[in-house]
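S.K.: Take a look at this one; I'll ask things after.
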Amino acid sequence: MSTESGTLPSRAPGVLARIGGALREPRFRVWFLGQLTSASGSMAQSVALSWVVLERTGNALWLSALTACFWGPTLLLGPWAGALVDRYDRRRLLLITQPLLMAIAATLSLLAATDRLTIAPILVLSALSGATTTVDAPARQVYVIDLVGEKAVASAVGLWEVALNAARVIGPGAAGALLATTGPAACFAVNGLAYCAPLLVLTRLAPSTVTPPRGAKRGGEVREGFGYVWRTPLLRTLMPMVAFSGLIFSMGIALPPLVERSLHLGGGGYGAMMAAFGLGGLPGALLAAGAPEPSAQRVRVLALGTGASILCVAWAPATPVAFVAMAATGLTSIWFIAAANTLVQLRSDPGLRGRVMALWGVAMTGTVPFTGLLVTALAQHVDARVAFSLSGAGLALATLAGWRALQD
């Protein structure tokens, strides 16, 4: 008894130390706060754009077009963006992409304020934003290692998921209040101002001491990235798993039909289901930040748990069961994606890390325009439960197919 009572308390400080491991690096602390502000602004802009598109067109199909315009560039340009991240200093790249995203938000705000924000400029600016994000996202992910080193990557990725969960609450909440009081122009303006924080941080941070490896000759970098992922069993297995998990984070596609047609709930029920996901996601992110370096076996278990919880949501016999399963989905999916992200970064060749993370983005979000159409078609012509099951069943099958590669 005395041994165990001494062991259990000693574990808690170790977990707390790992959660705050990245925060012990002063550069990461200021970077983290800047990214929290920026993510909240981006969430607010996303909500406002969807609202404006639906209000101006009255046709939900235009929301699919908006999704395709934003995520399509990731699918088309992702591999080349990764090559840029590997070849050039990540901080300098971010000092280009972040002002561009700020300018796009300012343009949206100006057009909305002057009542000239029609569907055409929305789609064009969304495509420009998507193309910029295609470079910005892998640059931000790899830059974290430049800031904290490889030993604190798990903590940094977990804390980023904590920030995203907070942004999922702060951003839409702010957007709802602004849409109801001042209109969409204010939402876009807030997002533009939110980029001031990370830009200020970037200008104050010293240039990275890590010199990005040059890798292959120009022109062969993209092919080298594809070849490296294909030749590495772990990466080759994780990419399709990430693709199926990407649908989980596009709840606006699969969840509304399930809530309306199968659970027979209204808009309040949809909001409550999203809240349940976030409620579970926060401890999932903290568990990811407090865990030691993830193993492939842990990622395998988390993937199967995520797939099972999604299927429980889809086929829940009663509404309370669906809410509990949704919270479980938030916990397991956030923990899974953070653990898998950390594992991919740590197991990748440093000279190819940017290309690998760009392909991660292609798998996770670049495929959403196509998988989203499939989910929409299944919900419309087959059954909403079947449509919501696609992500969970696909993730479970991809995990089982790559079982041997996820042994160590």
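Backbone N, Cα and C atoms are what each Cβ position is placed from, and that goes for glycine too.
Because TrEMBL annotations are produced automatically, they should be read as predictions rather than curated entries.
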S.K.: Out of 177-197, 324-344, which range is noted as transmembrane segment by TrEMBL?
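M.R.: Comparing 177-197, 324-344 with TrEMBL, transmembrane segment matches 324-344.
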S.K.: Using a cut-off of under 8 Å between C-beta atoms, tell me which stretch among 30-54, 93-113, 270-289, 301-318, 386-406 contacts the transmembrane segment (238-258) the most.
M.R.: 386-406
S.K.: Six or more residues out from either end of the transmembrane segment (270-289), which same-chain residues have a Cβ under 8 Å from its Cβ atoms?
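M.R.: Those are 18-19, 22, 154-155, 157-159, 161-162, 164-165, 168-169, 251, 255-256, 259-260, 322-324, 326-335, 338-339, 342, in sequence order.
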S.K.: Quick one: do the transmembrane segment (60-81) and the transmembrane segment (356-380) reach 3+ CB pairs under 8 Å, ignoring pairs fewer than 6 apart in sequence?
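M.R.: Contact between the transmembrane segment (356-380) and the transmembrane segment (60-81): present, because at least 3 Cβ pairs are under 8 Å.
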S.K.: How about the transmembrane segment (301-318) with the transmembrane segment (386-406) - do they touch, taking at least 3 C-beta pairs under 8 Å (6 or more apart in sequence) as contact?
M.R.: yes
